[in-house]
Amino acid sequence: MSYRTEASRITTVDQTREVSPAMVTARGSLQLTLALFKPDITRVPHVLKAIRQRIVEEEFFIIRNKELRLTREETEQFYIEHQGKFFYNRLVTFMSSGPTQALILAHEDAIKRWRHLMGPTKVYKTKFEAPSTIRGMYGLTDTRNSTHGSDSPDTAAKEIAFFYPEFSIEDWYKNDEPSFRLGKVSLDDVNFVHRLQ
């Protein structure tokens, strides 16, 4: 498996670009969120395929999708809010241990819908209380819980900027969101991304 590390290398969050959280929701009926497939599932093709199928069945639009391998420094930066917590080192080590897929998803109320589809963070509890969720089916531990999703419009804007510094949320709402909302797109199965028709 080849990683597109050179083409998709993350260096830093673009602090100079103002991204309003309201842009993630207010400009149209579709909301954007960031989804990550963690290393524990990107290494298992049949699980990755099953999760992708769930995303399609739930009628999410895949706006962007790329695979990359985060360095330890990039992972520390992404999870800076957890620094000092007991699980921080374990999380950073795990997330930098293999390939990650970063997706921008769109749907009406995308943040809530993606988090519902993922299921709760605590995997042991999730296996009993929400067994049909992604984490209920494929999560192994609270760290190796298969997926990540933004928890608010503010977080979504920041996380999208982290993984896709070249992506303009404002431009997407202005130029592409109406076509997505009207369904004038098709799924590119090879790259697992929706394209404008």
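Placed from the backbone N, Cα and C atoms, the Cβ positions cover glycine too.
Per TrEMBL, the features are as follows:
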ACT_SITE  HIS148  active site, pros-phosphohistidine intermediate
BINDING   LYS38, PHE87, ARG115, THR121, ARG135, ASN145  ATP binding site
DOMAIN    30-171  domain 'Nucleoside diphosphate kinase-like'
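Distribution of TrEMBL features across the structure.
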residue : record                                          : Cβ neighbours (10 Å)
LYS38   : ATP binding site                                : 24
PHE87   : ATP binding site                                : 13
ARG115  : ATP binding site                                : 19
THR121  : ATP binding site                                : 14
ARG135  : ATP binding site                                : 24
ASN145  : ATP binding site                                : 23
HIS148  : active site, pros-phosphohistidine intermediate : 21
Practice task
Calculate the distance in Å between the alpha carbons (Cα) of THR121 (ATP binding site) and HIS148 (active site, pros-phosphohistidine intermediate), and round it to a whole number.
Solution key: 9
Practice task
Please classify the secondary structure at PHE87 (ATP binding site) using three-state DSSP.
Solution key: coil
Practice task
Return the maximum Cα to Cα distance in Å (whole number) over the record's ATP-binding residues: LYS38, PHE87, ARG115, THR121, ARG135, ASN145.
Solution key: 21
